[in-house]
Amino acid sequence: MAKPTISPGMQQYLDIKENYPDAFLLFRMGDFYELFYDDAVKAAQILEISLTSRNKNAEKPIPMAGVPYHSAQQYIDVLVELGYKVAIAEQMEDPKKAVGVVKREVVQVVTPGTVVESTKPDSANNFLVAIDSQDQQTFGLAYMDVSTGEFQATLLTDFESVRSEILNLKAREIVVGYQLTDEKNHLLTKQMNLLLSYEDERLNDIHLIDEQLTDLEISAAEKLLQYVHRTQKRELSHLQKVVHYEIKDYLQMSYATKNSLDLLENARTSKKHGSLYWLLDETKTAMGTRMLRTWIDRPLVSMNRIKERQDIIQVFLDYFFERNDLTESLKGVYDIERLASRVSFGKANPKDLLQLGQTLSQIPRIKMILQSFNQPELDIIVNKIDTMPELESLINTAIAPEAQATITEGNIIKSGFDKQLDNYRTVMREGTGWIADIEAKERAASGIGTLKIDYNKKDGYYFHVTNSNLSLVPEHFFRKATLKNSERYGTAELAKIEGEMLEAREQSSNLEYDIFMRVRAQVESYIKRLQELAKTIATVDVLQSLAVVAENYHYVRPKFNDQHQIKIKNGRHATVEKVMGVQEYIPNSIYFDSQTDIQLITGPNMSGKSTYMRQLALTVIMAQMGGFVSADEVDLPVFDAIFTRIGAADDLISGQSTFMVEMMEANQAVKRASDKSLILFDELGRGTATYDGMALAQSIIEYIHDRVRAKTMFATHYHELTDLSEQLTRLVNVHVATLERDGEVTFLHKIESGPADKSYGIHVAKIAGLPIDLLDRATDILSQLEADAVQLIVSPSQEAVTADLNEELDSEKQQGQLSLFEEPSNAGRVIEELEAIDIMNLTPMQAMNAIFDLKKLL
């Protein structure tokens, strides 16, 4: 049987596809991007496009699917959003001039981590992460946002830190520079749903790589660079020099902690609404929005940097009218970072340059407004603002205000910018008049009253003559086309004018394109200055945003202390307050003196324990961002980390139960926390048997108290734990107050000193709407259980009353009354001392001394 032959075009496709086996290959053929073989079958299903075949009559037709080139971006977006790579093969020569098969090559590979263009633009960062290791114990991690040029690297000492940083960066694609174990591969691909791309080669760019980085950081950064250049197929002038950062330079929080605190999105809805980001976002620019997210994600630990931000916010609060002018001016600023990156990618169109020009037109006014504050705190910012008047002049002089996005259809360069272009336009403009003159002249000479000149791409300019007037056609007319009811004619004069006009049009279009490319190249030389300007404007935008929020919600400037004390007077949970309204929210004060490390919080479910704990965390985060906070007065230490376990949730992806997740997060806290950390644990230990959970909860509290010394809030439903305050000197009990009247319970949402006396679980069930008969039965059972408990504690048998102390203890154990806490280690000695006292020969003074000595033993 003869081997089926493959056409040269399909052979070209197969040769290119061989180099991109892990990507969908979009193969440009005329006005379509075609996909073949398995790519076509899969793409047709995913994109819901028609699946056809090439060579339908062949024994084995080749599956084929295609999308129009002008709408391809929306299909690329769908594939990339689902985690696929897309290789784009373009025609590299004019098909009309090609000899043989049109030359094609891949010009870009779009991956989840390298998206620059999208039909659904998003102001958020899109980070591509690279990791490398020599011993799988220490790791270099580098990340980049290809759309903005941001490039950073750090060194991490364990894989859990790598995992946490990847989650915090919300990366979707990881470039791996070493051989992963099966376990780590499964973790990244299956549990974290990441696209992995392996890269062995390194690209050393002396302009981007800082030699002061560690070897692993350099390796990760260079492999990341190599991957980006290999997929983007071009020099990227907008990439910034890699910046080293340390995790410890910021307030450390795990992804789970940020999620439980609803920092960047509401954990229940995965939406912005209801998050801290939603509350604080009064930014007016895309760069400011990204920077605000970064500030929330990475609060500071440097007191000086925090105070620098506070000082500027205070200035913005003190000068309302100037700040209002500043806010209005920021509205006219486009996304400088991404416009600069589009220039670097060679994708910037006339509209992009117009937006950049309009932005640069606003910068002098923004600088002038900042100067008008006349405050030294703003001097550094003012001095950083580079107005670049020559670039603004170039763009606004060269690009026509009405220019569209396309760069090949003309009308993009302003009149007066280029003399030759103006000449071509004059020919085209006057040519229209010349044609009108020819039409009038020939109509009069021929006597054909309906004679007119029309135009189409096939025949060019022609005289339109109906059949009834064919006898009047002059001899110098020559036929160009015959139709059913008319004919088309040309003349030498018309052809000459047409030639001049078409040449002028073609030359004009080509010249406009060349001029635009030259202008864009000049803009590219300003990219680094534009990026610095973007950072400065973003900083101004975030600071004014925090000032606006502080003013709207009456926030105060927090103070900081070195005495490890927390003082929050009438604090509020910032986002809950915004949802409920200031008038409805019940504030709570929080106090930890230098001798208090742990608050043990008891109270009914739904009474506000979790809100109280989150209130403290959000106050710390907002304060260490440099912002103002929701309270009447705040004085805090600077924390180095926040650890939380708030809210129950199984980890369904990895198959871990609530209790396992609790223990893992507790492990992270007790191992990584320092005496400068904040720990928030809500109902820890509820996922196992009562005594197991209680024992673990107590041991964790003791461990934190004795060894970690971190400021800790520990909410619990184990009321027995409140007795710990008698043993642990730096633990205090607080509870959520309730009002019980006529069988009805009101949660006051107010924190008070001391332990709670009841849990009110049945009342919560009533609020939830459980059936009345079920609740009545629960009340009866509770009464019986409480009666039994009282009997065990206060009504021992008559025999036990008359027995000695040791027999009484044994009797309690036999009845099932377990002691949660160990008996004091001196109990036996106290008993011995009591038994040794001769009561009949004891003077009053000796009795007092004996009591004093016994008290010291307790």
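Cβ coordinates come from backbone N, Cα and C, glycine included.
From a predicted model like this one, the values you see are computed outputs, not experimental measurements.
Listed in Swiss-Prot for this protein:
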BINDING   GLY603, PRO604, ASN605, MET606, SER607, GLY608, LYS609, SER610  ATP binding site
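The record gives GLY603, PRO604, ASN605, MET606, SER607, GLY608, LYS609, SER610 for ATP. Within 8 Å of the mean position of their Cβ atoms, the other Cβ atoms in that chain belong to ALA715, VAL736, PHE747. Fewest other C-beta atoms within 10 Å: among the binding-site residues SER607, SER610, that description fits SER610. In this view, ASN605 (ATP binding site) is surrounded by 18 other Cβ atoms within 10 Å of its Cβ, with every protein chain counted. Under DSSP, SER607 (ATP binding site) is assigned to coil, being neither helix nor strand in the three-state scheme. Close to GLY603 (ATP binding site) in the fold, though at least 6 residues off in sequence, lie LYS609, ALA715, HIS735, VAL736, ALA737, THR738, ALA756, each with a CB less than 8 Å from its CB. With a cut-off of 8 Å between CB atoms and residues at least 6 apart in sequence, the same chain places ILE586, VAL736, PHE747, HIS749, ILE751 near GLY608 (ATP binding site), listed in sequence order.
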